[in-house]
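Reviewing the structure listed below.
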């Protein structure tokens, strides 16, 4: 398993991918749960791809948490089925729906059930960290959008995730932990609309992935994971990382700001002013540590001698992020109009 190109790894990646797609394409709650378990079976071996003790410890923690949440999920489903003799009635408003919702929040790593996520991600490689913070959240988010439970608990979870993710990242010096708490904060924004308008939630999630791919790819080339070690081989790479970090923080007119803007407009139109202010407060707090990282890179970029042999970063995802205000804004505007039309009809 030390060889990352070992043929069995391709099998595990396929199982992980098919498990998620199995959950997304299913309309039956039991088969969605089976897809989650299939995804877990494929992902656990990938967490031990280098055979290190820390990775083995983290994979065991991940297995315990995911198994616990899956147990709550399937037991709640069976209880619901015993009352109604249907696997579809669990999407109605009931106490069992709250248990299902909390099990999915635990899988996502949302506050206050985010205790397991930082201890796992700081021991993982950047590629596994990216999968945990993005791909592994796709199926639970989709299943959460199908629930027909009361919106108040999700409002509390959304605000709590945004605030805890932003505040906990302030005193961190480990870059992987900063990205983890940043993901928790972004999850709060996604949860704010997941029951009301899943289109906006998926749009926000896709934009988060678009920003995270080049950012984590460039951060993985650092000599260490500590904040003071944050540097690159040339100035151009440093400036690209700065733009990606600020976009992740939601600084206008970058791509990350556009996704937050659509959700803010939707919340204001639904008269959720207090929730909007709290989400904005969490974003302003998170901008502090994003600017801290950017300032450190700017200082090092100013003092660094340019290496003419270093390759220039012309990744399409990076260009998409830098010029998002001209490329993506019209598309997001059309999506927002379509999403709000669906919301008003429902």
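In case you wondered, yes, glycine gets a Cβ from its N, Cα and C as well.
Whatever TrEMBL says is automated annotation, not expert-curated.
Positions annotated as transmembrane segment by TrEMBL: 5-24, 30-48, 60-83, 95-116, 128-147, 153-170, 177-196, 202-219, 239-255, 317-343. Sequence annotations record features per position, and here TrEMBL assigns domain 'NADH:quinone oxidoreductase/Mrp antiporter transmembrane' to 26-286.
Only sequence-distant pairs (6 or more apart) were considered; of these, fewer than three Cβ pairs between the transmembrane segment (30-48) and the transmembrane segment (202-219) are under 8 A, so the stretches are not in contact. By the Cβ criterion (distance under 8 Å, sequence gap of 6 or more), the transmembrane segment (5-24) is not counted as touching the transmembrane segment (177-196), fewer than 3 such pairs being found. Same-chain neighbours of the transmembrane segment (95-116): 36, 61-62, 65-66, 68-70, 72-73, 76-77, 79-80, 136-137, 140-141, 143-144, 147-149, 153-154, 157, 160-161, 163-165, 183-184, 187-188, 191, counting only residues six or more beyond its ends whose CB sits under 8 Å from a CB of the stretch. Touching of the transmembrane segment (128-147) and the transmembrane segment (177-196) is concluded from the presence of at least three CB pairs under 8 A, sequence neighbours closer than 6 excluded.
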